[in-house]
Amino acid sequence: MRTLWIVALLLVGVEGSVLELGKMILQETGKNAITSYGSYGCNCGWGHRGQPKDATDRCCFVHKCCYKKLTDCNHKTDRYSYSWKNKAIICEEKNPCLKEMCECDKAVAICLRENLDTYNKKYKAYFKLKCKKPDTC
């Protein structure tokens, strides 16, 4: 029962496409998005603080750049629809901006899967103040 209460509290703070993104990452990598990538390197999770530490961190950097291109929707509050068919993510949105947001999330999930071999536990809870000079998109 205590575990259910903790999960409920965590979900209260989750908005918009974060839920969909988390599902995509789990489906593509087998890893929990929050515990594995929530504070990974300089660019995964909240904050965009510096040059990527490795290829995994670069996936998150490119994802943030993709989100910056979205002008008509908000990745923090807007939600989209997608499906998982034959181990593939299918963005099903009719709304162009929501479809693009879904494509951004799909791309990062695939990138993280393709770079699982670069995942380094020393960057899992990286102290972001160590990050230097942000890369530009």
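Numbering starts at 1 and runs along the chain as displayed.
Every residue gets a Cβ built from N, Cα and C, even glycine.
Keep in mind that this is a model prediction, so the values were computed, not measured.
According to Swiss-Prot:
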SIGNAL    1-16  signal peptide
DISULFID  CYS42-CYS131  disulfide bond
DISULFID  CYS44-CYS60  disulfide bond
DISULFID  CYS59-CYS111  disulfide bond
DISULFID  CYS65-CYS137  disulfide bond
DISULFID  CYS66-CYS104  disulfide bond
DISULFID  CYS73-CYS97  disulfide bond
DISULFID  CYS91-CYS102  disulfide bond
SITE      LYS121  site 'Important residue of the cationic membrane-docking site (MDoS)'
REGION    121-133  region 'Important for membrane-damaging activities in eukaryotes and bacteria'
SITE      LYS124  site 'Important residue of the cationic membrane-docking site (MDoS)'
SITE      PHE127  site 'Hydrophobic membrane-disruption site (MDiS)'
SITE      LYS128  site 'Cationic membrane-docking site (MDoS)'
SITE      LYS133  site 'Cationic membrane-docking site (MDoS)'
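Annotated features, which come from Swiss-Prot, shown on the structure.
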| residue | record | DSSP class |
| --- | --- | --- |
| CYS42 | disulfide bond | coil |
| CYS60 | disulfide bond | helix |
| CYS66 | disulfide bond | helix |
| CYS102 | disulfide bond | helix |
| CYS111 | disulfide bond | helix |
| LYS121 | site 'Important residue of the cationic membrane-docking site (MDoS)' | helix |
| CYS131 | disulfide bond | coil |
Same-chain residues at least 6 beyond the ends of the region 'Important for membrane-damaging activities in eukaryotes and bacteria' (121-133) with CB under 8 Å of its CB atoms are 36, 39-42, 47, 49-51, 53-54, 56-57
Listed disulfide-bonded residues among CYS42, CYS60, CYS73, CYS97, CYS102, CYS111 whose Cα sits within 10 Å of LYS128 (site 'Cationic membrane-docking site (MDoS)') | CYS42
Local Cβ density at CYS104 (disulfide bond) - other Cβ atoms counted within 10 Å | 23
Take the Cβ of CYS44 (disulfide bond) and count every other Cβ within 10 Å, whichever protein chain it belongs to.
-> 27
Quick one: which of these disulfide-bonded residues, CYS59, CYS66, CYS111, have their CA within 10 A of CYS137 (disulfide bond)?
-> CYS66
Quick one: give me the count of other CB atoms within 10 A of the CB of CYS91 (disulfide bond).
-> 19
Sequence order is fine: just name those recorded positions in CYS73, CYS104, PHE127, CYS131 with a Cα within 10 angstroms of CYS65 (disulfide bond).
-> CYS104
